[in-house]
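Colleague: This is the structure I have questions about; it appears just below.
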Amino acid sequence: MDSPYANELRIAIGVVQKAAQLGQSIIASNDKGTVEKHDHSPVTVADFAIQALLVATFKAAFPDDVFVGEEDASDLRAKPDLLERVWGLLEGIGGDEDARALCRLPESKEHLCDLVDQCGANKPGKGRTWVFDPIDGTQNYVSRKLYAINIGLLLDGKQQLGVVGCPNMSIEAAAPFCDTDVDPTGIGCIIFAVKDHGAHIRALPGSLADTPTRQLPRNSSSAIKFLTSTTVDSCLPNIHEKIARSLSTPYPNVDLLPWVLRWAVLALGLGNTTVWVYKKRARYGKVWDHSGAMLLFEETGGKITDVHGKEIDLTVERKMIGNFGFVAAPKELHANVLETVQAVLKEEVLFAAILVLQISVLRPSKMSRYDVLVTGSSGHLGTALMLSLPSLGFIPFGIDILPSPTTNRVGSISDRNFVASLFEEFTFKHVLHAATLHKPHICSHTNQQFVETNITGTLNLLEVSGAKTLGKLESFVFFSTTSTFGMALSPQPGAPAAWIDEDVVPLPKNVYGITKVAAEDMCYLIHKQLGLPVLVLRTSRFFPEADDDEDRRTAMEDDNLKVLELAYRRCDIADIVSATVCAMKKASEIRWGKYIISAPPPFSNNPGTLAALDRNPEEVFAQASPGVQEVFQARGWKCLKRVDRVYDSSKAVRELGWEPRYTFGKVVERLAKGEAWRSELTVQVGKKGYHAESTGVYTQR
């Protein structure tokens, strides 16, 4: 196959042949050197040996690439006998001459452990990343059933190449098919794909150049052929059978435990549709079970999303925390399958819990006991509130001018009659006012539209809620922005960084800041006139989109910049939600107040520190957060050349009882442990489009 990845493909096929030889050499043994991982899944000497072989080979060929694998070497280092067995297994492999010429082995036992550990610590990101699953289906492997070896190449998180070795699956496999259908000939096969070049299959052994290869046809069936696993207990009980029944297709048809094999078999056409709904929201796919293997199905006409309909994101962490479950089908059938999946979940009264929407998707009635009105429920913060509040004991009702899964009713806050109708229908105890035109809208909306949304809309909500609730409203929380400080935020280079607290007078520099300050003043006026308990939360940046400043955006990786910003001008959206709940509970007592909501800075407010932030921030960061230099160096991250402002949120901590979890120091500790630095909620909310069409970094559809 002629492709831009011909050399990578040649090496991948050669090393898969060697890896298969390793796996098959001990599959018949009663003692496979099995140990149990912390999640109680098994791992064998073959897992360790194959991962070491894969990373040694690809690191020799592509030393600047990143490598991600399932296993780490903690058991090898702790158990010398296990390490000795793995080393002996690697020493004894032979294989085809051309495959042997392509492969590399670890230079020593310590080198072996280092190679395995390197894969076990890395995660996908920018640039070229190889993802390995040395044995997918280890539970099958120890029982001498079907298993697979997976190699995937990602470029900036997008699949470019996938090579799946199937050491004991026949090249002539046919449905119905299951884990025990082992190739009686013992030949096995390799299925591989390069993006935009189709998927192919060949026998596992044989010359790299001369072994016949067959291109797999694109799926053209209009009939759904289901594929699933009935032997894995991570799914919601009985849900897949109900989905299959709703799709009028036999169940299970094809029944396979290993995910990599499921994708390969879908590419072969033995099935064409698979769905997976986890029984717990904390369960996620793992990149090594899917990266590369999914490309096989996509290159034969398949489309893959999660149960939300979101594109699969392979860039977030080692676990795919940006997605929940899978829905895969031929492109022509995918929309119908996705609709059916969501319909079945709704019927099971699980739509809210499973999709983490946790809101009523039925037409609301006067009997509904909604107690919180959330405006802007299709935006970042509104979505986060709608997802989070139900588990905290509230029943939110979301409104927005844009429809979304977290919006109950579409309408504009600048329409006073629309706002009044809501309070006539429901008895809200809290109003969380997040709807606004933001800074990105300056280029697409008029000044008058900013006035109508940010000022008139706020006034409508304040006056209507005050009149309709008759003193029973427990809180009105208005979300403002630290951008209101405007020109107060930008001391000239050479001047100390500005320390921004609630006593600093805002100096807005655009219509966004001006209208938000005016809305804050309107909140105070109506508080005085009607006695409403109103708290203003001036939130710092929390959006996941890239920075709109090109110099900052190109100076360092996005994660690098956002982690640094947590020290002085950013807040995780989960912490903003927790601050909101604190405000809801305290508003009746406090009655009126303004609060900066930003991750508490690790710095102290003194002239020396502020001057040092202007000229040498790296020194200040190192002193404020021990260990930060080691964590950053391990990732190749940089420090800022200058910090011009610091947001002080100590008043919110002190008066609201707010306890943020994603502070700079705590995030550095998470990174040191190899954990995700951002909250799961941030990933769930995801990036939002501020504009109808792609516009710069804020809206990339």
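Cβ atoms here come from the backbone N, Cα and C positions, even for glycine.
Keep in mind the model is a prediction, meaning the values are calculated, not measured.
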Colleague: Looking at Mg(2+) binding as recorded in TrEMBL, which candidate out of D289, D306, D313, D371 goes with E70, D133, I135, D136?
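Modeller: Among D289, D306, D313, D371, only D289 appears alongside E70, D133, I135, D136 as Mg(2+)-binding in TrEMBL.
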Colleague: Once near-sequence residues are set aside, which residues in the chain of D136 (Mg(2+) binding site), 6 or more away, have Cβ atoms under 8 Å from its Cβ?
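Modeller: Those within reach of D136 (Mg(2+) binding site), by Cβ under 8 Å and sequence separation of 6 or more, are Y147, A148, I149, N150, P258, W259, V260, L261, W288, D289.
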Colleague: Using the structure shown, find which entry in E70, D133, D289 (the binding-site residues) has the sparsest Cβ neighbourhood within 10 Å.
Modeller: D289
Colleague: Neighbourhood of the Mg(2+) site (E70, D133, I135, D136, D289): other residues with Cβ within 8 Å of the Cβ centroid, in order?
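Modeller: In sequence order, the nearby non-listed residues are F132, P134, G137, T138, A148, I149, N150, P258, W259, V260, K286, W288.
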Colleague: In sequence order, which same-chain residues at least six apart have a C-beta under 8 angstroms from I135 (Mg(2+) binding site)?
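Modeller: Result: G23, T44, A46, D47, I50, Y141, Y147, A148, I149.
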Colleague: Taking every residue in the domain 'NAD-dependent epimerase/dehydratase' (372-546), what is their average pLDDT?
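Modeller: Averaging the confidence scores along the domain 'NAD-dependent epimerase/dehydratase' (372-546) gives 91.
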